[in-house]
Amino acid sequence: MSDTTARAIPDRLESRWTTWLKSWEMLLVGVVVFVFAVNAYASPYFLNAWNLSDATFNFTEKAMIAMAMALLIIAGEIDLSVAAIIALASTLMGLALQYGAGTPELVMIGLGVGLLCGAFNGLLVTGLGLPSIVVTIGTMSLFRGIAYIILGDKAFTGYPADFAFFGQGYVWWVVSFELVLFLFIALIFGVLLHATYFGRMVYAIGNNATGALFSGIRVARVKFILFLLTGLMSGVAAVCLTSRLGSTRPSIAFAWELEVVTMVVLGGVSILGGSGSIPGVVLAALIMGLVTFGFGLANVPGIVMSIFIGMLLIGVIAAPIVWRRLRGESVG
Amino acid sequence: MISRFLKSREALLAGAIVLLTILIAIRFPAFVSAANLVRVFNDTSILIILALGQMMVILTRCIDLSMAANLALSGMVVAMLNAAMPGIPVPALIALAIAVGAILGAFNGIFVWKLNIPPIVVTLGTLTIFRGLVFVLSGGAWVNAHQMSDAFKAFPRAVFFGLPVLSWVAIFIVVLMTVLIGRTALGRAFYAVGGNPTAAVYTGIDVGRTRFVAFTLAGALAGLSGYLWISRYAVAYVDIAGGFELDIIAACVIGGISIAGGIGSVGGAVLGALFFGVIKNALPVVNISPFWQLAISGAAIILAVAFNARAERRRGRIILRQSEAAS
């Protein structure tokens, strides 16, 4: 919300190394090391391969969505309906199960529902030119509402045994399928954002959508694709989460949208659009996973963890600003 | 003036609410009995108060996601105090709830003002912090009806001139906000800051401080709602009003308050909240399962925002639009 900016022009450019050392990602690496060390010191059970593997489940599903959400937020939009998409996708998978769908059909339905929901969001935002924060607050109620209409206060259970692989399976020793899938997705999104023409368009749109339009970028189409991707990733997360829990309730993944947005913002993506990186978001996901897991080992209730996640979010964003203030530099 | 009112969004929304009520009344006449309408208004009172608070924040081009968590924390503070020391008079507890709420709101405001952190990030953080503090404070335990003093519980239910005090408080806040928004320099400043922050600076308005005041006042209203909510339902627990922050924003959006700031009215926020109230109360009456409520309100939000955007597009920014079309 900075309305006026004033930046000092440096008399010489910083070397690549200094820029790199001062980057947000390095700060996050520092936080990761710190959290890891504190955890290892606080609990004797922390440094155990299987425990650490378990810890990854705390963030993999949310982080998959965060990858796509990062691109969407960099482009200056937001999707608050991601958790509701999980609920709807999971519910429709459960419904299909009642009609005898097998594992391949279930996966197709999960991904398909995600894509359709994403397309619906994208159409409303780009087709009608509506603000995405309001549209997705609406679709968030709508999608989860449909899940409630279908399920009521019941639950779908009895997913097939081979379906459990997506959320409970291990690829090699302690390395879970979900972790491998997440790393694969992170790699794809990292390349997409940082090494392709599409990624450059995303940054351009986030910095100045009108300018991007006049430079020949099809802003609406790129944004629509980003909503599709976010929907698709929510579908992937729905498949993994449903498989991991082995059941569907309409309250599944409740309030995840806030955690996903927190991950993205903590990862250094500006909520105002135009800047941020995938490695940053991956590190932020790792931090949130480690913090919640460490607290879990220390028997700290989930809701108390959320205090620290909230403080981490505000603190990490505020710290550099306060630091610059104290050194008497002007703040942009 | 009358024709201008008839074309306004408020009139349309009021028309939609009346139409909805008539449709329900055709099948179920009991719904429009005076007693039931009073009940609907009373059920919606807290949402009205919160929507008015959120409106101030949205007018200044910010958003407060932490209002429901603020409500829970302020409410829990007074509920626990009341349980521990039943001797404290209710007016003092209400003042305390408002003060706690205002402090929590000011906390949001100071980050937005002094550190320039985007409001959505700040309130996303404080949302989880406040909610967590409710747990830390209460240890996860409930404060139940029998632990609260009778005076504490009786206040919002006492009936004056056919309306419960809860409804009167809402009416009082509506009047107060009408004066504040329409008749004071601060009210104008809210619109100026949201409409065009840069221009507001040149007219001598401190943008940051105006936003800080909006957050603080919204927090105070959340604190007041905290007392009202907990005393009315006579129970306090960690998840109270969970997810309500989105209902508050939805009421504002349905009421025609532009999320981009600078556009909206007290009447709109009240009608937006009432629209929610009518739907919520009508569902059980017309034999639709309450599970439909979420989907219906979601559809209502989408329709409202689609309609608002069209209305806004027609009105303003003609110069820009022409130049864009020309190039």
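The backbone N, Cα and C atoms fix where each Cβ goes, and this holds for glycine too.
Bear in mind that TrEMBL entries carry predicted annotations, made automatically and left uncurated.
Quick caveat, the model's predicted, so the values are computed rather than measured.
Feature list (source: TrEMBL):
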- B:44-60: transmembrane segment (TRANSMEM)
- B:67-85: transmembrane segment (TRANSMEM)
- B:91-113: transmembrane segment (TRANSMEM)
- B:120-143: transmembrane segment (TRANSMEM)
- B:158-182: transmembrane segment (TRANSMEM)
- B:189-205: transmembrane segment (TRANSMEM)
- B:211-230: transmembrane segment (TRANSMEM)
- B:251-279: transmembrane segment (TRANSMEM)
- B:291-311: transmembrane segment (TRANSMEM)
Chain residues in Cβ proximity to the transmembrane segment (B:189-205) (below 8 Å; excluding those fewer than six residues from its ends, i.e. six or more beyond): 56, 58-61, 181, 211, 214, 260-263
The transmembrane segment (B:67-85) vs the transmembrane segment (B:120-143): 3 or more CB pairs under 8 Å: yes
The transmembrane segment (B:211-230) versus listed stretches B:91-113, B:120-143, B:251-279: most Cβ pairs under 8 Å: B:91-113
Top Cβ-contact partner of the transmembrane segment (B:251-279) among B:91-113, B:120-143, B:158-182 (pairs under 8 Å): B:158-182
Chain residues outside the transmembrane segment (B:120-143) and at least six past its termini with a C-beta under 8 angstroms from it: 63-66, 68-70, 72-73, 76-77, 79-80, 82-83, 104, 107-108, 111-112, 230, 235-238, 240, 242, 245
